[in-house]
Amino acid sequence: MSKSYRDGLPISPEKFVDQLMRLKRGSIGRREFLGLTGLGVATAVMARELGIMPTPAYAAENLGDRMSIATWPNYHDPATFESFKAETGVAVEVNVFGSNEEMLAKLQAGGSGWSLFVPTNYTISTYKKLDIIEALDMAKLGNFDGSQEDPRFTSEGTIDGTIYAVPKNWGTTGIAINTKKLTKPMTSWKEFWDTAMAEGDGRTMVHDYQLTTIGNALKYYGYSFNSLKQDELAKAEELLLKVKPHLFAVSSDYQPSMRAGDAWMTMCWTNDGAQLHRDIPEIAYVLGKEGGEIWTDFYAIPKDAPNKPAGYALLNYLMNPKVAVKEHLANGAPSIDARVNALLPKEVMDNPILYPAADLLKPLEFGAAATLTDPGRAELMARFKSA
Amino acid sequence: MRAFVVAVFAFLYLPIALVVLFSFNAGHHASEFTGFSTQWYGKALSNPFLVEALKNSLFIATTSALLAAVAGTAAALGLQRVGARTRAVFDGLLGAAIVVPGVVIGISTLVALVQLFGVVNPFLAELWPGDQPPRLALGYGSIIAAHGLFSMALVAMIVGTRLGSLDRNLVEASSDLYATPLTTFRSIVLPQIMPAVIAGFLLAFTFSFDDFIIAFFVAGAQTTLPIYVFASIRRGVTPEINAVATIVLVASVLLVVLAQWQLRRRKQ
Amino acid sequence: MSGAGHKPDPGNATGGQWPAGTEAAFSMRGTLLRKNLMTALLLAPATLWLVVFLVLPFVAIAIFSVGERAPEGGYQAAFTLAQYANLPARATAFWNTMVLAPVGAFACLLVAYPVAYYLALRAPERWRLILLALVVIPFWTSLLMRTYAWMYVLGGRGIPALLAYVGIEDVRLINTPGAVLLGIVYGYLPLMILPIYVSLERLDRRLLEASADLGATPLSTFLGVTLRLSLPGVMTGFSLVMILLLGEYLIPTLLGGGKVFFIGNALVDLFLQSRNWPFGSAIAITLVLVSVVVLIAANRISARLSGARRVDLI
């Protein structure tokens, strides 16, 4: 399918990106280009051009005219969906969630309405067990090339030899800090929690997400990020309850507050850290030296997806390296696809926010499946929030 | 005192002014004004999700308010004809429908319907002669019903109060003159309770149109305007939302002015 | 809306049936039967609605509340009171609600009363209708949008930025109990103004003149006559706002940043994050019971305050 739709385009995706790259080498400055607006304008122009001609390959398949995707805050280039719409006629509604639990709850209740969603590595086995995600029909995903993916990040998408999810990008969970407001160097989770109760009083945010908030509180004591042990969780709860009155907010969408200057420090994912640092250089992104989370986000299709053809079409579109490279430039997360990495500018590949030093990466842990469903962690998080 | 009242009105209208102002923002966000533009009105009206959410909200609010007005008025009339005990039971239930917090209505309706569908759907599949048996699911029906519950109780109470103060002499006079009960109802009772029915309908419509929390739970895959706005707040509001809010505001103010004008003209 | 005590009570079994004359005249069986059938038909839709969407859901969560959380979240059948025993784990959320709801309603009242007073007794006649419309119009802009506007005003780019401009740095307003309180007063102000306005507007002005003629000071006239006679409206507004606040979810979510948690937030959290349906059901049942108790208490108090006058909530 991928081949035939490309034939129908007035301009090939390859040429499209070449043009973008030329734009970049030309008069437009780096910051502007990387910024959403630069990309947005460029793609908007392209999209309009593409929209003039119908695309027979897509038109042949009945994709409908709309679909919904469930994803994370600030995780896509809005221009991607614009150009997808220009090519296929399918408008994409983006629903944003702050935790895997929230996505799971919505899928469990039924009728989520999503045709594509973005679960994290450790949740996929549970979705499979509950029988709420599709075994992917790889014939519809011609743009995906498993041999180009770094296996360190991809294994959890495949269960018993069947592919249920394909990787989007990987990343880490660290600390974003406004170094103008908080001048003490930050290197560890211990310092994060201590600062939250001192200089960062009333200005610190933690995720509305049990895995990272509890996990990084466990790190304060040097316990495993994934611990389910009662005594260790009790210690983490004690710390969280102590910190709670000093927090600015419990929310997984911290970019607006960090940008507005309401929050000075937050638990943060790689992609948000890269975006914040790109636009506001005084906001730094650091990893806790005790460890913490390393993750891969995947794309998966719910069993009850109302528009599976469009879900597959969008997924295949996103798997196109030329599209993916723009996504990565906009959202700032490190790619898993060697074809994408080959297209990314050197300064992106050298960015220490995306690719931290090996000794910082070493202690990081992938989330464990059991944490998603463990009633103890769920109730601990709920108690912390309602305290 | 007048200064205080002016201050309170300023307080009431400051956020509304901001909502309207940002609908004319040239920039991408509803939080930084970068220049004047009307582009977001066009964008809002060509955004299929936003338009669908608006249409859904209008449809749901109209239907649930209409059903509620009919059922609520019927109930208020029926309650005039029953004994004190039956009446007390109904009053209790209607009161409960009003008092139970929306969040509880939303959650309990979700829980009950999910269980109910779990029982009914396999049954339907078994009995259905064709290949594609109908499947009950959350959607328009569940939102309309859940909104209508509150609205119906509201209408029943408002109309009930009105019936209580109805001029009974007229009713008696009418039946003394051998008018059929239907005629009496049409020519005496209905005109007197109509203002209450209309007030109930309007309140019900407003409630349903603005409700977030009940719809949030029972909407299934459907979107209403408040649900769409809530989702937008999470993904970052663009002035599209402001544009739609402004359109709704202007439309409702126009409707009221028009209604007032009509009323005055009729009086003259 | 209030002060229904003045009117003949339609619930009175004897006086409530009309047309009373007809019944005596045609006491034939058929007529009676038809009358009963008519009554049943009139009540059928409401009964169906109440049973399917009020009683049934309530029974469902009552059953769920004695169940257990399934291993992956959700509900699993059981019979245990463990969920109710766990209620103290949400004590803070209950406490926040039980404090901020009355405080919020009271703050609302303090702002609303002078406005209602001005509208009913002081405003020039030709302005009254326009001002009244101005009280209602905010209802037609989504509460979500208006609260979002407050997020902007209280957030770093709003008032704090203005304050920084005049040299007051690092003021934080959003995500505080104060911000939530402001949101509450803002959101429910019209609901408070209207019933008070109605009761003040009905006030017999000759009473005020009489009071003044008898040598009462303006203050004692206000306390002894105006305030006293407007109490039914005050209590209607107060209980209305209070009841709505007990189940509040949006305002603490948007202006409290997930930090100021109401019981409504704890409830939603249990269904949308930790997926503990049984515990959520137990909290929902408790919340309903609390609401009923609060309402009954409010009615009792208002009855005492306004001299045995019954006050309808709506």
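Using the three backbone atoms N, Cα and C, a Cβ is placed for every residue, glycine included.
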Of B:30-53, B:54-77, the range TrEMBL labels transmembrane segment: B:54-77
Which listed span TrEMBL calls transmembrane segment, if the choices are B:4-22, B:213-231: B:213-231
Listed stretch, out of B:54-77, B:89-117, B:137-159, B:213-231, that has the most CB pairs under 8 angstroms to the transmembrane segment (B:188-207): B:137-159
Intrachain neighbours beyond the transmembrane segment (B:89-117), with Cβ under 8 angstroms and 6 or more residues off its ends: 75, 79, 82, 135-138, 142, 145-146, 149-150, 152-154, 156-157, 211, 213-218
